[in-house]
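These notes concern the structure reproduced below.
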Amino acid sequence: MAIFKDIAGLRQWRQSLHGTLALVPTMGNLHEGHLALVRLAANRAEHVLVSIYVNPLQFGPGEDFANYPRTLDQDLQRLHEAGCQTVFTPDDGLMYPRGRQDISIVMPPRSLSKVLCGASRPGHFAGVCTVLSKLLHMVAPEILILGEKDYQQLRIVQQMVADLNLNVQVLPGPLQREADGLAYSSRNIYLNLAERQVAPLLAETLFDLARRSTNDAAVSDLAATGWERLERAGFLPEYLELRDAQTLQSLALPQPGARWFAAARLGQIRLIDNVIIS
């Protein structure tokens, strides 16, 4: 396995390649959701590069940057077993050599970034756009693989790529779930046993709302029912909303292809999920 920690070695390797390259950016602590993205990349490109970097720029004050799980040796083993042969593991000194307080920032489109997670995490998506812009310039892939679990992030990056005329195709990877329906997340390991037993109710609630989202259903009534269900189970909901899948504008009435989005805390852990109306 080739592991690059500097830009010079990475670019030398990149220039030697023949054929398409897919980039799968991650923050490590890899799980089956990440590995599914790696497999998707291998099916769509002749070469795959996985980046592992916990980006401090996308964490706000009081968030879990210091405690975010860092499991590099385990991640490399999982990638090796999945057939991935090339990994980029930059550090803060490489990504932000002058520090993080006075750097050029890539601002996300306002209409997509001020709602949902952006409403409670100011600066988060600017951090995401900045680090992904840097990675795209360093790696120069033909394909960028992003999961639909972070659907708002996916839409923001798709729009950023279009707005900045970046020469890369953004390819979505379907959201992956554990056997009981809970969306895979690196933060799931922080759930205690009791919380882990309750956690799948977030997905159950969204799937139930999607099934009940008929043409004449009132979104406000559906959302209120789902919100109450989550609260009864011990969640502290942050949002539960039906939005257009492209514009992320809120909807008063269901429509095919729209998505239900939810964020809720269970104990100290913030969970997010989304389900499409089929």
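Glycine too: its Cβ is placed from the backbone N, Cα and C atoms.
According to Swiss-Prot, the protein carries these features:
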type	residues	note
ACT_SITE	His34	active site, proton donor
BINDING	27-34, 147-150, 184-187	ATP binding site
BINDING	Gln58, Gln153	(R)-pantoate binding site
BINDING	Gln58	beta-alanine binding site
As a whole number of Å, the Cα atom of Ser186 (ATP binding site) is distant from the Cα atom of Gln153 ((R)-pantoate binding site) by 16
Ser186 (ATP binding site), number of other Cβ atoms within 10 Å: 18
DSSP-derived structure type at Gln58 ((R)-pantoate binding site), helix or strand or else coil: helix
